[in-house]
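Undergrad: First the structure, which I've put down as structure tokens, then a few questions once you've had a look.
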Amino acid sequence: QMVNYAPFTLLPSAVPKALFEQAYAVQQDFNLLVDAVSQNREFLERTLASTIKVDDFTARLFRIYTQVLEEGLAQSVFLGINRSDYMIDCAVDGTPALKQIEINTIAASFGGLTSRTPAVHRQVLKVLGKTEEASRLVTNNPSQGLALGIAKAWELYGSQSAVVMFLVERVQRNIFDQRCVENELWNRNIRVIRRRFRDVFEKGSLDDARRLYIDGQEVAVVYYREGYVPQNYDPQNWEARLLLERSRAVKCPDIATQLAGTKKVQQELTRPGMLERLLPGRAASVARIRETFTGLYSLDLGEEGDKVAAKAIAAPDHFVLKPQREGGGNNLYGEELRHVLEKIKDSPERTSYILMDKIKPQPSKNYLLRPHSPLKVSECISELGIFGVYVRQGKEMVMNKAAGHLLRTKAIEHADGGVAAGVAVLDTPYLV
Ligand code: ADP
Ligand code: MG
């Protein structure tokens, strides 16, 4: 076993204050939207119908979703922890605009580690004699906000002796990020256990009221920090996932909310009138959300999809081709995009992807510090994430918050990839 430091930038990166505030201001709207989608069976069925014919992973999730609904939900408290990610697009006319990359509704990470970067960057700026600038770096503690959401869900579940279970990876690469949230819960006298799907398969059970037990302990909240990629599952793990979803325990997220975070859903949300239908009577929320959208296009079979595919093949550098995957490193760009799309343009396989306008941020120089890597200056671009937390009991929203932010920065030569993928590093926004 090896412990490494999490990679980070030497210097904080400039972020326009107005766009930073815009990202915070729209987070409660996105919380409402994700929650609305997760409760809308008709929308999810229609939206994912073409995808699940060709994408086995989404299909398996969808099957659990349907199965749980048919049986009837035992869960009555819902907890969402998401992270909406943005880049700042520099349009042809030069006005920077906040554009959403995606929203992560499962295992959205780095809320813990990023709580520590302002202190690091403050120190660096002081060493450089920039005391004034150092004092302007904003404090940020998402792990506290995430823990408050988990604590609220635990409380509403209503059993003092029940625990919170972090569902974690077999190889625990990001344990310290998770511990930050965990410690906040222990500080509130809430017991936390860490288990893998395998443990659930071997030792998990439901009682008559579908209360979840593991090792003799009742579980109030299941916080998934895994389960978002096909590699997380073998047949036993799928069985464990089904057991968890059937249970009364508060899943963060429940399977419906995981599906609400798919790229296919993101693309369908941009259709005219869609937001209005999902968030009736909330014109201001709809407007704030739509402001952050860039072009997203369906590749479903048919005339619309044919046109989209042809457009992308003709100008691949203007687009990103995305499969229904998470965790970085799956998207296609440029020549590779053209090549793949040419190959699949007449086959149903095409519908497992969506197409997105490529966002083009203004690069700036920074040093990316990571273990075993030489110190050199890089041209970089950044991605801003805002953490959202909400709790719903039955039909009533009892918490809806923005819980902090994450800035990740990467060298421009990498089109794709996050921190876990070894491409991006942790950063702190310097508001300008
Ligand atoms: P994942 O679920 O794998 O994180 P994302 O949609 O976040 O998928 O894409 C991964 C990375 O690819 C992003 O962090 C970003 O660096 C880059 N990327 C994604 N979409 C775009 C886009 N439309 N324009 C520019 N870069 C993008
Ligand atoms: Mg991402």
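FYI, residue positions are counted from 1 along the chain as it appears here.
Backbone N, Cα and C atoms are what each Cβ position is placed from, and that goes for glycine too.
Predicted automatically and left uncurated, TrEMBL annotations should be read as such.
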Undergrad: Besides GLU102, ASN104, which of GLU326, GLU335, GLU336 does TrEMBL list for that Mg(2+) site?
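TA: Within the candidate list, TrEMBL flags GLU326.
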Undergrad: Check each residue in the chain of GLN178 (substrate binding site) that is at least six apart in sequence and keep those whose C-beta is under 8 Å from its C-beta; list them in sequence order.
TA: SER109, GLY112, PHE166, VAL168, ARG194, ARG225
Undergrad: In the same chain, outside GLU102, ASN104, GLU326, whose C-beta lies within 8 angstroms of the Cβ mean position for the Mg(2+) site?
TA: ARG83, ASP85, ILE103, THR105, ILE106, ALA108, TYR228, GLY261, LYS263, GLY327
Undergrad: Compute the C-alpha separation of ARG83 (substrate binding site) from GLU102 (Mg(2+) binding site), stating it in Å without decimals.
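TA: Between the Cα atoms of ARG83 (substrate binding site) and GLU102 (Mg(2+) binding site), the distance comes to 8 Å.
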Undergrad: Given the binding-site residues ASN104, ALA107, ARG173, GLU326, VAL419, which lie close to LYS410 (ATP binding site), meaning Cα to Cα within 10 A?
TA: VAL419
Undergrad: Around ligand 1, within a Cβ distance of under 6 Å, which of the binding-site residues ASN104, PRO323, LYS358 show up?
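TA: Cβ < 6 Å from ligand 1, in sequence order: LYS358.
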Undergrad: Quick one: of the binding-site residues ARG173, GLN178, GLY329, TYR333, flag those whose CB is under 6 Å from ligand 2, and say none if nothing qualifies.
TA: none
Undergrad: Using DSSP with the three-state reduction, classify VAL419 (substrate binding site) as helix, strand or coil.
TA: coil
